[in-house]
Amino acid sequence: MEHGPPPLAAAWTPPSELRIWRRLHVLTQAAEEAAAAVAVLGRLSSQCRRAGSPAWEKMAPQPPRDLVPALLWGLSLFFSLPGPVWLQPSPLPQSSPPTEPHPCHTCRGLVDSFNKGLERTIRDNFGGGNTAWEEEKLSKYKDSETRLVEVLESVCSKSDFECHRLLELSEELVESWWFHKQQEAPDLFQWLCSDSLKLCCPSGTFGPSCLPCPGGAEKPCGGYGRCEGEGTRGGSGHCDCQAGYGGEACGQCGLGYFEAERNASHLVCSACFGPCARCSGPEESNCLQCKKGWALHHLKCVDIDECGTERANCGADQFCVNTEGSYECRDCAKACLGCMGAGPGRCKKCSPGYQQVGSKCLDVDECETKVCPGENEQCENTEGSYRCVCAEGYKQIEGICVKEQIPESAGFFSEMTEDEVVVLQQMFFGVIICALATLAAKGDLVFTAIFIGAVAAMTGYWLSERSDRVLEGFIKGR
């Protein structure tokens, strides 16, 4: 039994200059982002202090002055703050947890991105027109450590955690291939993902031992389906056939299809006539076996009337309706207790509140007889029943119909509270006094005398308890 290589992180080896350089690059990026976060927090702190926010002064810790402690302080404060809504991950439904990609797919994506990086580095660094100089420089740059670092820097996107984890584990293998194995193994995917890490299988094979898919590795599933787990070290190898094809290796026509054409390497399956499950051709008379709900009669499929046989299974208050290849159960009319079809004319028996008139079950008008014994009650007929309601001008109180009391007409201010009346009095007399004061200010002696008199009168009335009663009665119209 074959075993994969031991985990790459298990045996530690001194890091090469390449890995040290790459890790320094990552740490530099992290430091730059941390410094930017500290600067943003500093500006935010200054703005809050200028705005005079006492809460910020109490809650915000003072940043240390040294660089390294300042970075750590900034990061801790940054991650303690609630992020904006667009940065917060949406809650995932518990019923459908996210599935991780198969390691083979991750490895294939890593290799594809690596190959694109190779193309990009050649295109970006050369092509200036000086062919002799480029050939000399290209021979040095092509297999250099500098080029490998440039490719690895962008081989995984920032959010692709699986890619970063796989690259971390396989970094030594990638370096080994770059410096020593390129000539003898030019296919990085085959060398890294299949032979070294044993995450993938050749095309047309599946599983831990890379067994051939049904139908053979050259043409898995006959070319008419998908082999589950193909190209990976997982999967069952089961063929998921296309519509119209079936069998273990999709080498036969499925239910409802027939062989329209077949040779040593080719199979064409066409659909049978609608109700045929198996057939010898596309015509109605080519049926060999019928689908459920149909019966074979002289090479034709005839619909079975389940409603005329005991195959239908409908409820006591339902009736059967035959359909092509099946049947439906529909509810009887409200007037029926059991029925043979739709409407009140197909009842087996009438429901309570209905009576048979001719061939139909019709509603009984219970209000033709005295059915409401209460005083001041009247009968109201409904479909299949009746109800007792109070007569016009009466309303029901505790089960008894009593005469409705018509409220007496009241003045405009009858519903006002005492406080509202006082406020209205003050507003009314305030407007009058202001008007008189305005006219008196113009020097008219007549209006000045009236103004002084009104003020004196108002003062007397205001201090008098009797004046309140008089004014309140006047406003309410009493």
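Glycine too: its Cβ is placed from the backbone N, Cα and C atoms.
Here the structure is a predicted model, which means the values were calculated and not measured.
Using DSSP to sort the residues of the domain 'EGF-like' (211-251) gives these counts of helix, strand and coil: 4 helix, 11 strand, 26 coil. Per TrEMBL, domain 'EGF-like' is recorded for 211-251 (among others).
TrEMBL lists CYS241-CYS250 with the feature disulfide bond. Its Cβ taken as reference, CYS241 (disulfide bond) is surrounded by 21 other Cβ atoms within 10 Å in the chains shown.
Residues or ranges marked as domain 'EGF-like' by TrEMBL: 363-402 (among others). When Cβ-Cβ distances below 8 Å are used as the criterion, the domain 'EGF-like' (363-402) is approached by residues 334-335, 351-355 of the same chain, each at least six residues removed from its ends.
Taken from TrEMBL, the feature transmembrane segment covers 421-439 (among others).
The transmembrane segment feature in TrEMBL is assigned to 445-463 (among others).
Non-local neighbours of the domain 'EGF-like' (211-251) in the same chain are 102, 104-105, 198-205, 257, 267, 269-271; each lies 6+ residues outside the stretch with a CB under 8 Å from one of its CB atoms. Annotation for CYS250 (disulfide bond): spatial neighbours PRO214, GLY215, CYS221, GLY222, GLY223, TYR224, GLY225, CYS239, CYS241, GLN242, criterion Cβ-Cβ under 8 Å with sequence separation of six or more. With helix defined as DSSP H, G or I and strand as E or B, the domain 'EGF-like' (363-402) counts 3 helix, 20 strand, 17 coil.
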